[in-house]
Amino acid sequence: MVSATRSLLCAALPVLATSRQATGAPVANELRCQCLQTVAGIHFKNIQSLKVMPPGPHCTQTEVIATLKNGREACLDPEAPMVQKIVQKMLKGVPK
Amino acid sequence: MGFRLRPTSSCTRASSLRNLQVLLSLLLVALVPLAVGKPDNNEPFIELRCRCTNTLSGIPLNSISRVNVFRPGAHCDNVEVIATLKNGKEVCLDPTAPMIKKIVKKILEGY
């Protein structure tokens, strides 16, 4: 019994070390542009959430990424009037 | 013979119990990092509740790294606007505040 618990303790320590290392790893932002192509607009009712990223050191252009209700992501053209309307509609909380 | 057997059995029981306690405490410690790691996994999923309890009506535009807008849904009745700052913090913004609408508009225009 004593030897069994000792072997279990020895086996547990490496697992602890591994999980702690994984936890401590910093989550880096994307270091590049995420949108290669953009669409001018998609149907408002399909959008679940919207991510708006201003230009920065990682990317020189504004990026708008919509997460659809089916889980997919789509890049929208931030300059398209349709996209700006969609964003304003989102902020107003317009339901379906 | 009887007296000799008793102390040895009690000693073995006590030591094995202590080892089990140490092992259990280690397992409990192991669970905590997993819980801490969960926020990393939250990106693909939507929280099953509202995230914003307090909202701000304005923040400096140049401190914003990203803005997420969540539509009302089964998980939450409210529109939620969550800004990630450049220092990594996340703050909730009031979607009805005029300042917030201006901020989002400026970001779209590529200030």
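The backbone N, Cα and C atoms fix where each Cβ goes, glycine too.
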Selected from A:Cys59, A:Cys75: Swiss-Prot disulphide partner of A:Cys33: A:Cys59
Number of other Cβ atoms within 10 Å of the Cβ of A:Cys59 (disulfide bond) across all protein chains: 16
Lowest local Cβ density among A:Cys33, A:Cys35, A:Cys75, which the record lists as disulfide-bonded residues, within 10 Å: A:Cys33
